[in-house]
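Data block below; observations after.
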Amino acid sequence: MTNESAHNTPTVKLACDLIAQPSVTPEDAHCQRMMIERLEAIGFKVENLRFGDVDNFWAIRGESGPILAFAGHTDVVPTGDLGKWATDPFTPTIKDGMLYGRGAADMKGSLAAMITACESFIAAHPNHTGRIAFLITSDEEGPAINGTVKVVEWLEARNEKIKWCLVGEPSSTTLVGDVIKNGRRGSLGAELIVKGVQGHVAYPHLAVNPIHMIAPALAEMASETWDNGNEFFPPTSFQVSNFNSGTGATNVVPGEANVVFNFRFSTELTADILKQRTHAILDKHNVNYDLKWNLSGEPFLTAEGELVAASVAAIKKITGRDTELSTAGGTSDGRFIAPTGAQVLELGPVNATIHQINECVSVDDLNTLSDIYCTMLTELLA
């Protein structure tokens, strides 16, 4: 394929159309309408699902059999300083084989590849086995309260079960398809308020310093071996992301300290075990505290099975390379789908520029990704 023809494929054209919509979370900016029009044209039945201020849709083709669902999001993160962009982030621009624009890699390029893969597959296999579905939201980059999690609840209420789920998050590191995510660590966040007694620094016996109170406990938590990981997951990590205390004055012992921390944890632990061990450390150090927890998602793992095999085979067939299975990185909406029993994988373009100024993706990679998705459909449903 020549450079010029690579730029004019249905995948790249659709990616450009989607990028041109300023769908900063939770706005969809008509991206879903564009996708729905393409899907209805090839026989999908679509149900629009609006929860709160969030647009979602569920589209399905086929009457019976196992469901292969493509999952993704139309919302993007804010652009940041527009003056630092080489091009307008919502004016898709191709330069030196790279497509620039907010959402190019995360994840409008994947959405375009999913649509065109289905168009190609259905043209070749109009009477395919099983069912193909799309679960699309505009609330992945934001609170993720009225998006995928609500659609999953809606599906469960109808007893609609996804067997295989392909999430289009940008999983690749250097070359498209070099890494697929077959699981993710859990994420447990906490907001800790340490209660002291405010006073004058010259009269410490009349004050209780919350910074001094919490410091030994935080040191122990930071040095603690929470687990040793396993063959699929690295060891659980503990990180303090925010620490605030003090009045701004140099002669006042603060009365309170606020600490925000996070665990990224493996399948060796549960959120409840982490909570218990945290409370035990705080209590051992006689910390006076309030603690609020936020579980963003439990860890999940898709072991060897049909979906892993299909993705590995498709990547090998289209690119000639062997892929790496990984559970590294942050959370995704796969965390809401995996607990239903579905096999979940993340496979998308290179993630080197996601959320950055001048976000971009290779146009060749988008075309390759569409071919990989189409081959996976053939492996599972032809």
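Cβ from N, Cα, C; glycine included.
These features come from Swiss-Prot:
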type: BINDING; residues: H73, D106, E169; note: Zn(2+) 1 binding site
type: ACT_SITE; residues: D75; note: active site
type: BINDING; residues: D106, E141, H355; note: Zn(2+) 2 binding site
type: ACT_SITE; residues: E140; note: active site, proton acceptor
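In this structure, the C-alpha atom of E141 (Zn(2+) 2 binding site) lies 12 angstrom from that of E169 (Zn(2+) 1 binding site). Checked against E140 (active site, proton acceptor) by C-alpha proximity, the recorded positions D75, E169, H355 yield D75 as the nearest. Highest Cβ count within 10 Å among the binding-site residues H73, H355: H73. Take the mean position of the Cβ atoms of H73, D106, E169, the recorded Zn(2+) 1 site; other residues of that chain with a Cβ within 8 Å of it are G72, M107, S110, E140, E141, V167, G168, P170, S332, G348, I354.
Note: the Zn(2+) 2 site is recorded as D106, E141, H355; in the same chain, V76, V77, G103, M107, I354 also have Cβ atoms within 8 Å of that site's Cβ centroid. Among the recorded positions D75, D106, E169, the residue whose Cα lies closest in space to that of H355 (Zn(2+) 2 binding site) is D106.
Mapped onto three states, the DSSP output places H73 (Zn(2+) 1 binding site) in strand. The recorded positions under consideration are D106, E140, E141, E169. Their Cβ neighbour counts within 10 Å are lowest for E141. When the alpha carbons of E169 (Zn(2+) 1 binding site) and D75 (active site) are compared, the span between them is 12 angstrom. All protein chains shown were included, and the count of other CB atoms within 10 Å of the CB of D75 (active site) stands at 25.
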